[in-house]
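*Asks:* Please read through the structure below; I'll follow up with questions.
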Amino acid sequence: MMSPLHSSWRTGLLLLLLFSVAVRESWQTEEKTCDLVGEKGKESEKELALLKRLTPLFNKSFESTVGQSPDMYSYVFRVCREAGNHSSGAGLVQINKSNGKETVVGRFNETQIFNGSNWIMLIYKGGDEYDNHCGREQRRAVVMISCNRHTLADNFNPVSEERGKVQDCFYLFEMDSSLACSPEISHLSVGSILLVTLASLVAVYIIGGFLYQRLVVGAKGMEQFPHLAFWQDLGNLVADGCDFVCRSKPRNVPAAYRGVGDDQLGEESEERDDHLLPM
């Protein structure tokens, strides 16, 4: 007959085994993400901010095919996610279309990232080693993400492969994304600033004058409007000013003729009409 102590020991061991399996499964199902180059916990704040900026692209996959058979290759790229089929941390892979061979160009567990005003450079290191080039160093992928405010992410294309050097070889890719754009800063023009200032002054004048007329002077009705008499006569003042500026001759222009007074008329002789009378 099995002792209670032995049975309890077996139960505890079984529970520990089940717990270990559960932890391992959770680790396997947890999706990996970018690991910046450098000591853990001492990553650059700027690099971490840039990776967070690219978060909307984490669930997207980008593919581009180049060449012609039998030298046709397909490149698959993902941001901080597995792009290959072997869970090797590959962020960018090259697939030979003729035989299906997959080559890891760069892994996201060795990531570098930096940016400029309208671009972001994402670098994956730690790819598969070259066979006969670049001193057999590991491959490296450089993805240039340029600003395009009209798309979240598009136009992923390989540009070139630099492998004519002894070291520091790389694959260069490009793509467009609005995430690489700097925030738009709206600037007010000089005219807009003047209009805002003028509107503010007018509002202060009307409100302040209204309160003064009502509370201090004790005005009622239309008389509460500041300088009411001036504004009522403004039309006449403008008309007078326009007349003064625009008229082309003086107001009191001397007449081109003068009237003749009665004293200047001589007495006409009536004799010159006598012959017209009937005889």
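In case you wondered, yes, glycine gets a Cβ from its N, Cα and C as well.
Pulled from Swiss-Prot, these are the listed features:
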CARBOHYD  Asn59  N-linked glycosylation site
CARBOHYD  Asn85  N-linked glycosylation site
CARBOHYD  Asn96  N-linked glycosylation site
CARBOHYD  Asn109  N-linked glycosylation site
CARBOHYD  Asn115  N-linked glycosylation site
MOD_RES   Ser269  phosphoserine
REGION    258-279  region 'Disordered'
SIGNAL    1-28  signal peptide
TOPO_DOM  29-187  topological domain 'Lumenal'
TOPO_DOM  214-279  topological domain 'Cytoplasmic'
TRANSMEM  188-213  transmembrane segment
*Asks:* Do any residues of this chain, six or more beyond the ends of the transmembrane segment (188-213), have a C-beta under 8 angstroms from a C-beta of it, and if so which?
*Replies:* 219, 223-227
*Asks:* Please report how many Å separate the Cα atom of Asn59 (N-linked glycosylation site) from that of Asn85 (N-linked glycosylation site), as a whole number.
*Replies:* 16
*Asks:* Tally every other Cβ atom lying within 10 Å of the Cβ atom of Asn109 (N-linked glycosylation site).
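*Replies:* That number is 19.
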*Asks:* For Asn85 (N-linked glycosylation site), identify the closest of the glycosylation sites Asn96, Asn109, Asn115, judging by Cα separation.
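*Replies:* When the Cα distances are compared, Asn96 comes out closest.
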*Asks:* Which whole-number value in Å describes the distance between the Cα atoms of Asn109 (N-linked glycosylation site) and Asn96 (N-linked glycosylation site)?
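*Replies:* Cα of Asn109 (N-linked glycosylation site) to Cα of Asn96 (N-linked glycosylation site) measures 24 Å after rounding.
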*Asks:* Relative to the Cβ of Asn115 (N-linked glycosylation site), which residues of the same chain, six or more apart in sequence, are found under 8 Å away?
*Replies:* Leu50, Met121, Ala180
*Asks:* On a count of neighbouring CB atoms within 10 A, which of the glycosylation sites Asn85, Asn96 is highest?
*Replies:* Asn96
*Asks:* Determine, from DSSP, whether Asn109 (N-linked glycosylation site) sits in helix, strand or coil.
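*Replies:* Looking at the DSSP assignment, Asn109 (N-linked glycosylation site) belongs to a strand.
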*Asks:* Counting across all protein chains present, how many other Cβ atoms fall within 10 Å of the Cβ of Asn59 (N-linked glycosylation site)?
*Replies:* 10
*Asks:* Tell me whether Asn96 (N-linked glycosylation site) sits in a helix, a strand or coil according to DSSP.
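*Replies:* Note: Asn96 (N-linked glycosylation site) is in a strand by DSSP.
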